[in-house]
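I have placed the structure first, in the form of structure tokens, so that the comments after it can refer back to it.
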Amino acid sequence: MSRSGTDPQQRQQASEADAAAATFRANDHQHIRYNPLQDEWVLVSAHRMKRPWQGQVEPQLLKTVPRHDPLNPLCPGAIRANGEVNPQYDSTFLFDNDFPALQPDAPSPGPSDHPLFQAKSARGVCKVMCFHPWSDVTLPLMSVPEIRAVVDAWASVTEELGAQYPWVQIFENKGAMMGCSNPHPHCQVWASSFLPDIAQREERSQQAYKSQHGEPLLMEYSRQELLRKERLVLTSEHWLVLVPFWATWPYQTLLLPRRHVRRLPELTPAERDDLASIMKKLLTKYDNLFETSFPYSMGWHGAPTGSEAGANWNHWQLHAHYYPPLLRSATVRKFMVGYEMLAQAQRDLTPEQAAERLRALPEVHYHLGQKDRETATIA
């Protein structure tokens, strides 16, 4: 054995590893990154952005959306599929989904007769929340006070449904590309009698990290990202927006409170005001990236609720995920197919490159005229 305690082969391997590390550049060389929140890996292949695109191009959405359409079931005064007439609402409007995926009184399946064929009870409620009475606006085109009303409605419905159900999932699918069948600004709320798969993974990961390191995973992650800065998109007094180190979608972002907060209802008035403001800035940047109404799916994750709401959930940190599909332009999207479906997620653009592009974008919406832009910038 050598004096260093390693044989020549080990020294050669160590030397080769050092040489590889010295030449590695994340923006040029493929590598895999770990997602500690959801316990999975993503393949990053930034060099693929140099290839010419010959795949599918989505059609440009040039259709003008009317401000009010009496035939649109989400508009004030419209008749919905169940025959009910919407009120003449002027802010947010919450109602039961006419075609729910979960119902509160569904019968339970019987016991399984084989471990490979298991089924369990699934009960819950599904609601729809309209953000605004007008169909021709989206969140980035709404005022900060109007978005604040949405935040308050999110907190209220979480508290209401969370009194009975262990998981309340708020999510928004924006744009036809993400399967949204109605252009009216709205989201959905599904409350379930069970923890969905992703919630279970985040529960296990956050609990394990807190047990091992003594603090919440996402609190430490936020501190590290604030120090490193390269993936930050927006920061404010109470919130930060970043492209996660492990992002799978091209311009995916994570929205986090700076303070330790477990659920939406725990947000203070100041935090809610600030959340409305930073959401407007983020979504404006999204729209400005390709000068289009940027499609995405987003949703909130917080500590479980229901009968166990009073348990110790201090390992949880409230957060929102934004998953937009666009990659190269308003008409070229990322597809999660093939390798992603059969092996693991893969991305071309690095998270650092995505964050840099989003940071550089203006916080005034491209739809505004020059005079409006100057006024908004001064304000």
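Backbone N, Cα and C atoms are what each Cβ position is placed from, and that goes for glycine too.
Residues Glu202, His319, His321 are recorded by Swiss-Prot as Zn(2+) 2 binders, and the candidate that the same record lists for that site, out of His186, His213, His301, is His301. The UDP-alpha-D-glucose site in Swiss-Prot is built from Ala81, Asn97, Asp98, Asn173, Lys334, Phe335, Met336, Val337, Tyr339, Glu340 plus one of Gln188, Gln317, Gln353, namely Gln188. In this entry, UDP-alpha-D-glucose is bound by Ala81, Asn97, Asp98, Asn173, Gln188, Lys334, Phe335, Met336, Val337, Tyr339, Glu340, whose most widely separated C-alpha atoms sit 40 angstrom apart. A simple way to gauge crowding: the CB of His321 (Zn(2+) 2 binding site) has 21 other CB atoms within 10 angstroms, across all the protein chains here. Restricting the binding-site residues Ala81, Glu202, His301, His321, Phe335, Glu340 to those with a CA within 10 Å of the CA of His184 (Zn(2+) 1 binding site) leaves an empty set. Separating the Cα atoms of Ala81 (UDP-alpha-D-glucose binding site) and Cys75 (Zn(2+) 1 binding site) is a whole-number distance of 13 Å. In this structure, the C-alpha atom of Gln188 (UDP-alpha-D-glucose binding site) lies 17 angstrom from that of His319 (Zn(2+) 2 binding site). For the binding-site residues Glu202, Glu340, the greatest number of Cβ atoms within 10 Å around a candidate Cβ is found at Glu202. Here the binding-site residues are Cys75, Ala81, Val337, and the one with the most other Cβ atoms within 10 Å of its Cβ is Cys75.
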